[in-house]
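Lifted from TrEMBL, the feature list:
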type     : residues : note
SIGNAL   : 1-19     : signal peptide
TRANSMEM : 6-31     : transmembrane segment
TRANSMEM : 52-71    : transmembrane segment
TRANSMEM : 91-117   : transmembrane segment
TRANSMEM : 124-145  : transmembrane segment
TRANSMEM : 175-200  : transmembrane segment
TRANSMEM : 232-254  : transmembrane segment
TRANSMEM : 260-281  : transmembrane segment
Amino acid sequence: MPTLFNVFLMIFFLLESMAAILGNGFIITVLGREWVRCWTLSPGDMILASLGISRFFLHWAAVVGNFYRYFSSGDNSLYFDIFWNFTNVTTFWFTTWLAVFYCVKISFFTHPIFFWLKWRISRCVPWLLLCSLLISSLIFIPYLVKDYLVLYLPVTGNYSGKTTLADGTHVLLKYFYLSLQMVILLVPFLFFLASTILVISSLCRHLRNMQHHSAGRQDQSIQVHITTLKSLFYFLILYTSYVLPLVISITAPISFCTSQLWVCQVVIYAGISIHPVFLILNTSKLRKALKKILHNPETA
């Protein structure tokens with residue numbers, strides 16, 4: 001039976017996950033309706049919709065998988081792990097492409113590469129999203145091999161001091177899988193980090209220039225840039241708060257029967273549970289749809 005503290009953590013984890021599912025579901029619904037009405041989405045909306053879908057299923061996979069592993073000792077958790085890994089990798093890449101898209105569209109760099117990217121990025125968005133899905137699908141293969149061998153390859157547990165082939169395979173799988181996980185997580189995160197830092201530095205420099213030459217009609221533009229800077233800064237904090245605990249949980253696995261598991265899960269998903277709210281409040285289309293629902297629920 002779970003302790004009272006574990007029950008509290010489970011409820012908190014479930015509430016933040018449900019909040020994230022509702023937020024991402026709202027994003028999917030609004031952009032899905034627009035796609036059905038117009039049969040097209042802008043590149044930025046395509047990334048937002050893809051990110052909303054991947055996070056929607058990521059949170060469901062986390063909720064179902066964590067509770068199943070905690071209350072059941074069956075081997076079916078393997079399937080939850082595979083699906084969670086797929087949605088987690090797609091979430092990482094879609095988040096990265098959102099940051100790259102903002103960096104290219106919003107930044108004020110004058111380097112020829114940025115001008116070339118500004119012209120090409122909108123056309124590349126569908127292909128970037130498809131490549132992300134392809135990468136996530138290909139990553140299925142080592143995950144399947146690792147999980148199958150760990151599940152069916154016995155550990156001999158002999159005490160003769162000799163290392164058997166099975167024991168060596170388990171050790172090899174452990175370090176190979178750990179290295180693979182680190183590469184999968186850190187490569188898109190580094191792209192995200194570089195893009196976000198670039199656009200923040202560009203906006204800060206542009207904002208200083210605008211303030212030096214400010215006029216009455218430029219005040220509104222300055223406020224828009226300040227709002228964008230705040231959003232990107234929060235975005236960076238929330239995403240980092242998801243990545244770092246996730247990396248720690250992978251490098252130092254926690255037993256599924258301890259309170260540390262639920263503490264770790266609450267911390268990991270806290271940031272990306274809040275992020276849909278920032279996306280809704282800082283995207284004019286989503287914000288207008290939310291106001292319409294709040295003022296006229298019958299029209300929703």
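Using the three backbone atoms N, Cα and C, a Cβ is placed for every residue, glycine included.
All annotation found in TrEMBL is predicted automatically rather than curated by experts.
Model, not experiment: these values are computed from the prediction.
Non-local neighbours of the transmembrane segment (175-200) in the same chain are 89, 92-93, 95-96, 99-100, 102-103, 106-107, 109, 139, 142, 146, 229, 232-233, 235-236, 239, 243, 246-247, 250-251; each lies 6+ residues outside the stretch with a CB under 8 Å from one of its CB atoms. Taking every listed stretch (52-71, 91-117, 232-254, 260-281) in turn, the largest tally of C-beta pairs under 8 A with the transmembrane segment (124-145) is reached by 91-117. Proximity of distant same-chain residues to the transmembrane segment (91-117), defined by a Cβ-Cβ separation under 8 Å and at least 6 residues beyond the stretch ends, is recorded for 43-44, 47-48, 50-51, 54-55, 58, 125, 128-129, 132, 135-136, 184-185, 188-189, 191-192, 195-196, 198-199, 202-203, 205-206, 228, 232, 235, 239, 272.
Within the chain carrying the transmembrane segment (260-281), a Cβ under 8 angstroms from the stretch's Cβ atoms is held by residues 6, 9-10, 12-13, 16-17, 19-20, 23-24, 26-27, 48, 52, 55, 59, 62, 66, 70, 91, 231, 234-235, 237-242, 245-246, 248-249, 254, 287, 290, all 6 or more beyond its ends.
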